[in-house]
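The structure appears below as structure tokens.
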Amino acid sequence: MVLAAPLLLGFLLLALELRPRGEAAEGPAAAAAAAAAAAGVGGERSSRPAPSAPPEPDGCPVCVWRQHSRELRLESIKSQILSKLRLKEAPNISREVVKQLLPKAPPLQQILDLHDFQGDALQPEDFLEEDEYHATTETVISMAQETDPAVQTDGSPLCCHFHFSPKVMFTKVLKAQLWVYLRPVPRPATVYLQILRLKPLTGEGTAGGGGGGRRHIRIRSLKIELHSRSGHWQSIDFKQVLHSWFRQPQSNWGIEINAFDPSGTDLAVTSLGPGAEGLHPFMELRVLENTKRSRRNLGLDCDEHSSESRCCRYPLTVDFEAFGWDWIIAPKRYKANYCSGQCEYMFMQKYPHTHLVQQANPRGSAGPCCTPTKMSPINMLYFNDKQQIIYGKIPGMVVDRCGCS
């Protein structure tokens, strides 16, 4: 019996060692409590901290990279402008100094009118390239035509409506003159010429043009001294009216022209019928046509809310006032754009040999990068470091197209 007791104790210890490791010493009740704690229900939670979950990736990694590209582009623009203007640093000219210097400068409005400054104007979706083949329109002559019946009362006035093609309406008008032929007078006389803008008659309109139906809006009035017994061609500046017509083509219903002498005789030749050949009123325009033609943009264009991950062109407006660069007179801001996105093999690659090199040695060559493949200049009017006003053209400041290279 003495030998049997140690032997029995050994068997009991061996049985304890052979039990499953996950089973607690207290039996099934303890195992159930441990399972409940692991599931997070019932009982007291374990004081041991749970292992932290790995951080989730950013919700929009493309957006983070895009913001990084924007910041790099802005810094690059700053350095490029200073470098291309041969300035070591931005001129120290405050807004107050600019206000003091501008009135003493030569008239700047002529420069601002003659040269295009890219500002808040919207840029076309398709990029533009220089067109060296098509002719540039310089002078446009528009002959008077019959007015629309909607502006006539008892068939009057028949003259004058001027039609302009969309091509002309998108040019820069440098000068606009309305030419009217005045009949000869037997003796020197003072003639009062007036130009009235026409508009359709309303429901309350009457033949007298009173009330809500009035169709005459005086836009020009001239006093002319005639001394010749022969006819006289009179020119009238019409640039301002033309600008309003081009901005709102639906407002161009035509004009009525009158030139009365002291006796009340209308000397203006406005008849479009026989006997007035070559004497009809006409409009002469001096325009500066944009010598660029639209071409299909082969690159992708995206906005800031796009989920596109491929190489794409994004809008970016550079605000010089936000930089504190008051030394730039014009433009105060411009649309620079920037490129961002991934470049997979054979996606929008600029050069075919790039793909061949990467295929031949994929490990030894860097992948293609999303970069500008077409850029255009901007015009700039600015103060240099000597407080002189300079006009210049800065190349390569607007991204027109992006691609992989």
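Don't overthink the numbers, they just go from 1 along the chain as shown.
The backbone N, Cα and C atoms fix where each Cβ goes, and this holds for glycine too.
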Let me make sure I read this right: Swiss-Prot says C302 forms a disulphide bond with another cysteine. Which one, out of C311, C312?
C312
Of the cysteines C339, C402, C404, which is paired with C343 in the disulfide recorded by Swiss-Prot?
C404
Which of these, C159, C160, C370, shares a disulfide with C311 in Swiss-Prot?
C370
From C369, C402, partner that Swiss-Prot gives for the disulfide involving C339:
C402
For the disulfide-bonded residues C339, C404, which one has the sparsest Cβ surroundings, going by other Cβ atoms within 10 Å?
C339
If you measure C311 (disulfide bond) to N92 (N-linked glycosylation site) at Cα, how many Å is it?
38
In angstrom units, rounded to an integer, how far apart are the Cα atoms of C402 (disulfide bond) and C343 (disulfide bond)?
11
Counting Cβ neighbours within 10 Å across all chains shown, tell me which of the disulfide-bonded residues C311, C312, C343, C370, C402 comes out on top.
C402
